[in-house]
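Residues or ranges marked as domain 'Histidine kinase' by TrEMBL: 1-155. Residues annotated as domain 'Response regulatory' in TrEMBL: 174-290. Annotation source TrEMBL lists 4-aspartylphosphate at Asp225.
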Amino acid sequence: MLADIRKLVQQTLPRSIDVYADVPDSLWPVWGDATQLHQVFMNLCVNARDAMPAGGTLHITAKNLTLDHDSAQRHFQAQPGPYVIVTVADTGTGMGPAVLNQIFDPFFTTKALGQGTGLGLSAVLGIVESHGGFIDVQSQVGQGSQFQVYLPATFEPNPAAVTLPNLLDGSQSTVLVVDDEPAVCAAVRTVLELHNYRVMVAHGGQDAIALLSEHVDTIHTVLMDLMMPTMDGFATIPLLKHINPDLRVVAMSGLNSVDAVAKAEQQGFQGFLPKPFTRQDLLQRMQPVD
Ligand SMILES: Nc1ncnc2c1ncn2[C@@H]1O[C@H](COP(=O)(O)OP(=O)(O)OP(=O)(O)O)[C@@H](O)[C@H]1O
Ligand SMILES: [Mg+2]
């Protein structure tokens, strides 16, 4: 796969960018979804290109590494064991700490309107984590950036025997997302699907009621915007609960006041997700509370 990526990148990046790849034949095997992993590395290479408008160098390197207990502890939720590390490094603009802190958040972009959705890296992280891996980033303004993708190596011949640690897994449960903004629906869908949820989308209260009536046996959770034109979240919730009294409905809103949260709870919402939210906030809020 990395040989393919290298070829593709060499053919598509501007001539002003030199591409080097150092990928040994002795890499350990990684089990994964080839389409998704391809997307991970292409996203990183495209970001690197965008960071080098005046040209520069892109390095794609890979190596094997066994993480011992101590080094695993330095990475959030990492398990000790064998990993393949793929590094995508550029000599571009680099990033300061304020940008670095937000790069994995859905919608975070420093690109001009219409130039970037800000969903690239949130999808990258979602995919890597769903493969049991994690990402390290080093960058400084003016010094370029380095993204290290750690993927657990697997010597087990049967992939079914591999259990990936994923604390925020959706276990194929269905979530109905209701928001009048298509971009919000799309972002939420990307994140949830990467974490093994099935997602249905409605763009307003009426749509939501129609979808729930049709799929009352499969939809157990609804994530609904409070502020929508025509029929808002408060007007919709009693009708949804009428169809299924046990439905779990989580409110999302940019109105993040104590009053708004209290009102939502009073009206029968089982949770509140203030906008804007991070991938982690969203996944945590989707987990059943016990
Ligand atoms: N290699 C890099 N060098 C410098 N900044 C980067 C690099 N990769 C990501 N960034 C910063 O992180 C932000 C978020 O990246 P992300 O890929 O999520 O979205 P995007 O590239 O802006 O939009 P999209 O991927 O949807 O086209 C970028 O806007 C940029 O500010
Ligand atoms: Mg991007």
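Each residue, glycine too, has its Cβ placed from N, Cα and C.
Asp225 (4-aspartylphosphate): 24 other CB atoms within 10 A of its CB, across all protein chains.
Restricting the average to the domain 'Histidine kinase' (1-155) gives a pLDDT of 92. The domain 'Response regulatory' (174-290): residue composition by secondary structure is 51 helix, 27 strand, 39 coil, according to DSSP.
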